[in-house]
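Chemist: Can you keep this structure in mind? I'll have questions shortly.
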Amino acid sequence: MSERLSGHTLLVSLLATPIRHSLSPKMHNEAYAKLGLDYAYLAFEVGTEQLADAVQGIRALGIRGSNVSMPNKEAILPLLDDLSPAAELVGAVNTVVNKDGKGHLVGHITDGIGALRALADEGVSVKNKIITLAGVGGAGKAIAVQLAFDGAKEVRLFNRQATRLSSVQKLVTKLNQLTRTKVTLQDLEDQTAFKEAIRESHLFIDATSVGMKPLENLSLITDPELIRPDLVVFDIVYSPAETKLLAFARQHGAQKVINGLGMVLYQGAEAFKLIIGQDMPVDAIKPLLGDE
């Protein structure tokens, strides 16, 4: 990358914590190199306490865009000038575009599109399917929206934090009004309802942080009877590549287990196009993810 850097190099950033595990710098910098673009992508360790200063830095330095990850996806909303319709509906942002570097910041959400493209890549269709989704943070809400827009029959949401239930219920109400998908919300503490939902589902999606450090030894599913030969299990965590949930599901005969690498690739590709205005060469980038 040092050979490409010049006085004209444009910067794209990632604002998150922790960031050491992130694949985004590798993906985006390789894409810039493949396309011959004079851009550089850097990750910055930024939590909610530093977020306002970091966003002002995007404006002041003319940074062309930024990806946003935990814990900043919702906290960044009041710091932006505009939101895309999807980001406004979800109430979270993972991509910020600074058009022409002029300081007008627009927030977008690409997690849902990325997740559904990753599932399609594995031959998994959500149309007319019953899906249980655990975790309704920024990524989980984005996935729920995309599942409804793509024609899922039912989306059964379960949340770990009771404090989120009321705010997420507003999204549930909107999705039930805007789409034909039946969307429900329950507390993950209700294990009876959770297990019943999985038993009736074609696809289980874990959009929580369970499975990644420091929770790498935990799994939301521990009952072998919940794993069926016709159940697909998708964990959006990608580090480790096989979470305890995915290992458990594979060992007990799930139809398919899918980690978060594909979602990272495709949400990144969507973000790349929003910021750069060109398609990411995903076929060239995809093999790099297997190196991690």
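Cβ atoms here come from the backbone N, Cα and C positions, even for glycine.
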Chemist: Of the candidates S69, S201, S209, S219, which one does Swiss-Prot list alongside S22, L23, S24, N94, D111, Y238 as binding shikimate?
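Modeler: Checking S69, S201, S209, S219 against Swiss-Prot: the shikimate site match is S69.
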Chemist: Looking at NADP(+) binding as recorded in Swiss-Prot, which candidate out of I109, I236, I285 goes with G135, V136, G137, G138, A139, G260?
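Modeler: Only hit among I109, I236, I285 in Swiss-Prot's NADP(+) site, alongside G135, V136, G137, G138, A139, G260: I236.
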Chemist: Cβ within 8 Å of the shikimate site's Cβ centroid: which residues qualify beyond S22, L23, S24, S69, N94, D111, Y238?
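Modeler: Same chain, not in S22, L23, S24, S69, N94, D111, Y238, Cβ within 8 Å: L14, A16, N67, V264, Q267, G268.
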Chemist: Which of the recorded positions K73, V136, G138, A139, G260 has its Cα nearest to the Cα of D111 (shikimate binding site)?
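Modeler: Of the recorded positions K73, V136, G138, A139, G260, A139 has its Cα closest to that of D111 (shikimate binding site).
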Chemist: Among all protein chains shown, how many Cβ atoms are found within 10 Å of the Cβ of G137 (NADP(+) binding site), not counting that one?
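Modeler: I count 21 other Cβ atoms within 10 Å of it.
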Chemist: Taking the Cβ of K73 (active site, proton acceptor) as reference, which residues of that chain separated by at least 6 in sequence fall under 8 Å from it?
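Modeler: The answer is A92, V93, N94, G137, G138, A139.
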